Amino acid sequence: MWTGVNMDSSKRQFLQQLGVLTAGASLVPLAEAKFPFSPERHEGSPRHRYAMLIDLRRCIGCQSCTVSCTIENQTPQGAFRTTVNQYQVQREGSQEVTNVLLPRLCNHCDNPPCVPVCPVQATFQREDGIVVVDNKRCVGCAYCVQACPYDARFINHETQTADKCTFCVHRLEAGLLPACVESCVGGARIIGDIKDPHSRIATMLHQHRDAIKVLKPENGTSPHVFYLGLDDAFVTPLMGRAQPALWQEV
């Protein structure tokens, strides 16, 4: 568990600068507080663009994706990179309440709002579109957490750094599926390279192009987690009253 004793000097230096900025925010632009060098980002290949399609018609809310993700990525208790939320939606002019399942995770946007707000360039987008966090640079300021419109980030209290779904990039690079995709009982989650027209995800996105939806399209983030069978109440804006996930005690 992170204790703060071995924090490297560059992080200490930045936190000292951040304290100065906080005291005189109107005088010094945040962008001036940086690590002494800018990192080179070469991870991934521009020949690929990874995305996920979630077929809600096949999701049963079993939370196997949540459990397998937690095991694979060793997230702290009570913190999740992905989960399936249950919502209650009431139609306008109707007394009927419908229960709706909605898997949530980082949307790996083309225009990720979490990236430009990071003062130390710890959050960045790979050339294949996957958004990741460099834990060696992250100082846990939580600016990216606040900037994410999908509530997909959190501060890992063990590492004291930002945490989120990475599409299990370590598994993708080994030729494996993300833990959530591999464990999905209903086969609701599909991941692949949308630049490959023969990939399963590209084929399905084309076949169902009139039914594919994303969350909060009005934000202009160009999310790359696509939904098939998404209730209109969750498109613009995300509405409905969130209920405890099915696996939680209520």
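Keep in mind that glycine also has a Cβ here, set from the backbone N, Cα and C atoms.
For the [4Fe-4S] cluster 4 site that Swiss-Prot gives as CYS138, CYS141, CYS144, the extra residue drawn from CYS118, CYS165 is CYS118. Take the [4Fe-4S] cluster 2 site that Swiss-Prot assigns to CYS69, CYS165, CYS168: the candidate from CYS59, CYS180, CYS184 listed for it is CYS180. Cβ atoms within 8 Å of the centroid of the Cβ atoms of CYS59, CYS62, CYS65, CYS184 (the [4Fe-4S] cluster 1 site) belong to the same-chain residues ILE60, GLY61, GLN63, SER64, VAL84, PRO103, CYS180, SER183, VAL185, GLY186, ALA188, ARG189, site residues excluded. Between the binding-site residues CYS141, CYS165, CYS168, the minimum number of other C-beta atoms within 10 Å of a residue's C-beta occurs at CYS141.
The binding-site residues recorded for this entry are CYS59, CYS69, CYS184, and the Cα of CYS69 lies nearest to that of CYS141 ([4Fe-4S] cluster 4 binding site).
Spatially, by CA atoms, the binding-site residues CYS65, CYS168, CYS180 include one closest to CYS114 ([4Fe-4S] cluster 3 binding site), and that is CYS168.
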